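K.L.:
In case it's useful when we look at the structure, here is the feature table from TrEMBL:
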- GLY105, GLU106, SER107, GLY108, ALA109, GLY110, LYS111, THR112: ATP binding site (BINDING)
- 12-691: domain 'Myosin motor' (DOMAIN)
- 747-929: domain 'TH1' (DOMAIN)
- 551-573: region 'Actin-binding' (REGION)
Amino acid sequence: MEGTLTARDKVGVQDFVLLDAYTSESAFVDNLRKRFSENLIYTYIGTLLVSVNPYQELGIYTVSQMELYQGVNFFELPPHVYAIADNAYRMMCSELNNHFIFISGESGAGKTEASKKILQYFAVTCPMTESLQIARDRLLLSNPVLEAFGNAKTLRNDNSSRFGKYMDIQFDFQGVPVGGHIISYLIEKSRVVYQNHGERNFHIFYQLLAGGDAERLSSLGLEQDPQLYKYLSQGHCAKESSINDKNDWKTVSNAFSVIDFTRADLENLFGIIASVLHLGNICFTEDKQGGATVPDTHEIKWIAKLLGVCPSVLLEALTHRKIEAKTEEVICPLTVELSVYSRDAMAKAVYGRTFTWLVSKINSSLVNKDITQKTVIGLLDIYGFEVFDKNGFEQFCINYCNEKLQQLLIERTLKAEQAEYEVEGIEVNIGITLRVMFSKECIRPGPATDLSFLEKLEEKVGRHAHFQTRKLAGAKGRKRIGWLEFRLLHYAGEVTYCTKGEWPVTPILTVLHLQVLCRSKNSILRECFLVAELENRRRQPTVGTQFKNSLSSLLEILISKEPSYIRCIKPNESKEPSKFDDFLIRHQIKYLGLMEHLRVRRAGFAYRRKYEHFLQRHLSSPTLIFFNIFIYLFASRERERQRENETKIFIRFPRTLFATEDAFEFSKHQLVARIQATYKGCLARREYMRKRQAATKLEAHWRGALARKEIKRRRWAVQIIRRFIKGFINRDKPLCPDNEEFVVFVRKNYILNLRYHVPKNVLDKSWLRPPGILENASDLLRKMCVRNLVRKYCRGVSAERKAMMQQKVVTSDIFRGKKDGYAESLNQPFAHSRLGVSTSSLSDGFLVIHVSPEDKQQKGDIILQCEHIFEVVTKLAMLAKKECMVNVVQGSLQFYVSPGKEGTIVFDTGPEEQVYKDKNGQLTVVSGRGA
Ligand SMILES: Nc1ncnc2c1ncn2[C@@H]1O[C@H](COP(=O)(O)OP(=O)(O)OP(=O)(O)O)[C@@H](O)[C@H]1O
């Protein structure tokens, strides 16, 4: 309903219950038309689905569509056949009860398609185990086989189901489809022998001829051309462009292999199909006695071969009949006309029972061997109400069935409605009169002639208000009813039935037929025609009684289940897409009882929802304001209707609901924003909490790891310290495990420290104090160090300095302790230059002793003259260990008189030796010329 409300302005209303003019058929049709023109073929009447055949593919049956509807509240999405299927399935799963979906409508309205869509929906959306896929495939593939044998092209539908079908899909407690069961109703056997112009026989005949290979056809004595067979060519449309028999044959052959048909089954089955075709081609001529005879027994032979019967017995069964008197039996020949009737009767019976066998064979392949099967959903695809120009026994049965089913619907729906209103404390006066039209006399075996049958009817049900014959009708109605007709007023309208010919009040099979068929070698036929039937022939129920019985058991099946309804409507007779024939649709609306149904739904209130659902949808702040007003209005208007156990809100006028809905629409954006914000907030909060938790966890882990590391470190430190202390305590002991580490550490440490404290020069006597255990080593090291320093020092001493030092040693030997000032002199280096001796190269006896003039007070160099200059100079040099200090100059030599003042001695040779000082103070020494 909510989905309905959303889209109501766009294309009509999606639920007829929301129509203002709900009593107007025109408004109903208008709404249907409006939606149909937009390809919206589905509309609800409450929970009933109205479907208009679109006659085109609309793309609304995709897997994504199925997923869309899966598990969604019925009213949340636009009407769809999937919504009905899903609703039934969910209810079945949650309440563990049985359901059925009743699909009705006239031929071509789309019932079979709807049931196929539902089956596909279950196949796709239900949970599935691998082993149960076979059951699912069989369920799906039973359809093409049933359609091949039970469907035919009619003027109204190229693939018209010519039988009613009820299919149970069985589910286990988990909602997995585990099996199925099919019940067929009233296959249209007359089609086997006769088709109207433009119609065909059952598809299987054409499929076999078109798709069967040459070998198979020849083994069945068949030709490919369907025109050669009388039973296939009466409708003059054996070949139909919209039907691909060859392809369909492939599908059916494949389906046969999936649903457990053995080779022998297929041989027998196609033997029967071929026999029916051969039967149709048997021609009778009149013999001299007026009896029927068969001039060409070609067909008889083939039938006898295929069915495994005796040809002469078969021939006799077709051309004779047995008259059973009290004591004797007489075989009488039939006329040509009766032989044709007999032949057709046999063909119909053979095909009809073979179809029943086929259904039971399919059922045995669908059977669920698992006894845990829990619930079922039934699909009832049954012919809708039929009103033709000429209505016979079949229409009577179909309409009887529809009447019964309508009765069931009314009982279930109305009672449910009424019960709901009562529970909710609301009074309803629906005013529906159930029209039970059929009494058992209508279909009771009666006399053989059509007229006497009618008279019997008049006698039994003549007083019934809804029954009329020409005799019973007043002067006005008389003209409209024929002598052999009767008229019934069904819930969907008047139908006039003709009793001529088609009312099989007695069994149509003769004893001779049964005798042939019971003894057939074809195992299918033997299963279909039991010998026991021959013996109990008189007690066999008529077709009508059989149908009535099967209908009663169907009703029993249905009564125990929860119903859902789909009403299919055919938009036009020409099978064209987008063509909406008002007249035709009105007619269907009428006989499908849709207006009646709508009236019932609207008799009380257009809208009823549980309070919580209603509030859930509308209780947002902007709508709340409106809602409050609305509640006030509602409460004041309906106050008298309040009862104690109210659980639902009922709104009578759609406009009130729409106004609420408009307010809802108006506030939708705000709502969406708020929902979005709340949702995002919720997501963000969740994310934040997640991160926070993660961070806390991470932090805890990290801290734990750090703490563990710290503990490890401390433990290690404690061990080290302990070992250190132990080592310290045992440090003086010989090297042992207790002190080894400590000693190594101390050594290492001492040596490392020592690096920074080694003496820098030979005079530095400092030394790092060693620990006790290292005293020896330290001593050795110190010595090595000193030696090293000394060596280094010695290497660094120049020869000059060495000489000076040697001189100092001599000085020491001479003066130490003997002469004052010696100690002070120690620091004063001896200058090399402080003492030098110079002589001239000439023969004079002069020598100059150079003394360094550092002190200004002191005198300068000493000039000496001696006789033994060579000896003096040599001894001086030797004394001073300074041979090199003797300087022998030529010409002149400089000397220091006093610091800063120099003098010069000029040496020269002359005739005589002389020493003189000139005016400048310059001293000149002249030595005599050598010899
Ligand atoms: N929902 C749909 N979408 C498209 N085409 C459809 C739909 N329903 C029916 N049709 C078309 O209409 C044709 C007739 O439908 P279908 O055979 O289901 O009718 P029916 O009511 O079962 O008729 P009958 O009572 O004769 O068996 C289908 O072959 C198909 O072409």
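Using N, Cα and C of the backbone, Cβ positions are placed for all residues, glycine too.
Automatic prediction, not curation, is the source of TrEMBL annotations.
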K.L.:
Within 10 Å of the Cβ of GLY110 (ATP binding site), how many other Cβ atoms can you find? Include all protein chains, please.
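P.N.:
Excluding its own Cβ, GLY110 (ATP binding site) sees 25 Cβ atoms within 10 Å.
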K.L.:
Please identify which of SER107, THR112 has the densest Cβ environment, defined as other Cβ atoms within 10 Å, among these binding-site residues.
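P.N.:
Answer returned by the neighbour count: THR112.
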K.L.:
For a Cβ distance below 6 Å to any atom of ligand 1, name the binding-site residues from GLU106, SER107, LYS111 that qualify, or say none.
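P.N.:
Correct list: SER107, LYS111.
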K.L.:
Which are the residues of the chain, GLY105, GLU106, SER107, GLY108, ALA109, GLY110, LYS111, THR112 excluded, whose CB is within 8 A of where the CB atoms of the ATP site average out, their centroid?
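P.N.:
Everything else in range on the chain: ASN53, ASN157, GLY384, CYS568, LYS570.
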K.L.:
Sequence gap of 6 or more, C-beta under 8 Å: which same-chain residues meet both conditions with respect to ALA109 (ATP binding site)?
P.N.:
SER51, ASN53, GLY384, CYS568, ILE569, LYS570, GLN588
K.L.:
According to DSSP, which of helix, strand or coil covers GLY105 (ATP binding site)?
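P.N.:
The three-state answer is strand.
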K.L.:
Hey, does DSSP put GLY110 (ATP binding site) in a helix, a strand, or just coil?
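P.N.:
DSSP assigns GLY110 (ATP binding site) to coil.
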K.L.:
Could you check the binding-site residues GLY105, GLY108 and say which one's CB has the fewest neighbouring CB atoms inside 10 Å?
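P.N.:
Lowest Cβ count within 10 Å among the binding-site residues (GLY105, GLY108) is GLY108.
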K.L.:
Could you tally the C-beta atoms, other than its own, that fall within 10 angstroms of the C-beta of GLU106 (ATP binding site)?
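P.N.:
The answer is 22.
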K.L.:
Express the predicted model's confidence over the domain 'Myosin motor' (12-691) as a mean pLDDT, rounded to an integer.
P.N.:
81
K.L.:
Using a Cβ cut-off under 8 Å and a sequence separation of 6 or more, which residues in the same chain sit near LYS111 (ATP binding site)?
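P.N.:
Once residues fewer than 6 apart are set aside, LYS111 (ATP binding site) is near ILE103, SER104, GLY105, SER161, ASP381, ILE382, GLY384, ILE566, CYS568.
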